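For reference, the structure is listed below as structure tokens.
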């Protein structure tokens with residue numbers, strides 16, 4: 001993503017070789033910017049930021065527990081727990097969302 005390439009020149013970590021083209025740099029999954037001399041032009045992007053969210057729609061829940069699991073047991077497994085509505089898993093996996 002474009003925002004992953006917005007780094008201060010001092011934060012750039014080299015991701016290419018001398019004379020690498022913008023196309024070759026992009027193929028390697030790296031960022032390319034020649035506007036600042038003396039720093040890498042082909043550089044590693046920022047890591048993607050992700051968040052774990054408990055899905056709000058009960059119909060998309062993916063079971064993470066077993067019948068009768070307690071909230072504490074479920075959370076120890078790293079999962080979400082909501083004891084409602086009936087007929088859907090109460091202990092279920094998070095969804096990972098990129099920011």
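Any Cβ shown, glycine's included, is placed from N, Cα and C.
Small disclaimer: the values here were computed from a predicted structure and weren't measured.
For 15-30, 25-42, 54-80, 64-79, 74-91, the entry in TrEMBL reads disulfide bond. Residues or ranges marked as domain 'P-type' by TrEMBL: 1-46, 52-95.
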Tell me, what is the mean pLDDT of the domain 'P-type' (52-95)?
-> 94
Top Cα neighbour of residue 30 (disulfide bond) in the set of disulfide-bonded residues 42, 64, 74, 79, 91 | 42
How long is the line from the C-alpha of residue 42 (disulfide bond) to the C-alpha of residue 79 (disulfide bond), rounded to the nearest angstrom?
-> 39
Disulfide-bonded residues 15, 64, 74: which have a Cα within 10 Å of residue 25 (disulfide bond)?
-> 15
What is the Cβ neighbour count of residue 15 (disulfide bond) at a 10 Å cut-off, with all protein chains included?
-> 18
Rounded to the nearest Å, what's the C-alpha distance separating residue 79 (disulfide bond) and residue 91 (disulfide bond)? Just drop the number here, would you?
-> 6
Excluding its own, the Cβ atoms lying within 10 Å of the Cβ of residue 30 (disulfide bond) add up to 21
For residue 74 (disulfide bond), what residues in its own chain, 6 or more apart in sequence, show a Cβ-Cβ distance under 8 Å?
-> 64, 65, 80, 81, 90, 91
Euclidean distance between Cα atoms of residue 15 (disulfide bond) and residue 54 (disulfide bond), Å = 36
Helix, strand, coil: count each for the residues of the domain 'P-type' (1-46), based on DSSP.
-> 13 helix, 5 strand, 28 coil
For the domain 'P-type' (52-95), what does DSSP give as the number of helix, strand and coil residues?
-> 9 helix, 8 strand, 27 coil
The number of other Cβ atoms within 10 Å of the Cβ of residue 64 (disulfide bond), counted over all protein chains shown, is 18
Give the number of CB atoms, excluding that of residue 80 (disulfide bond) itself, located within 10 Å of its CB.
-> 22
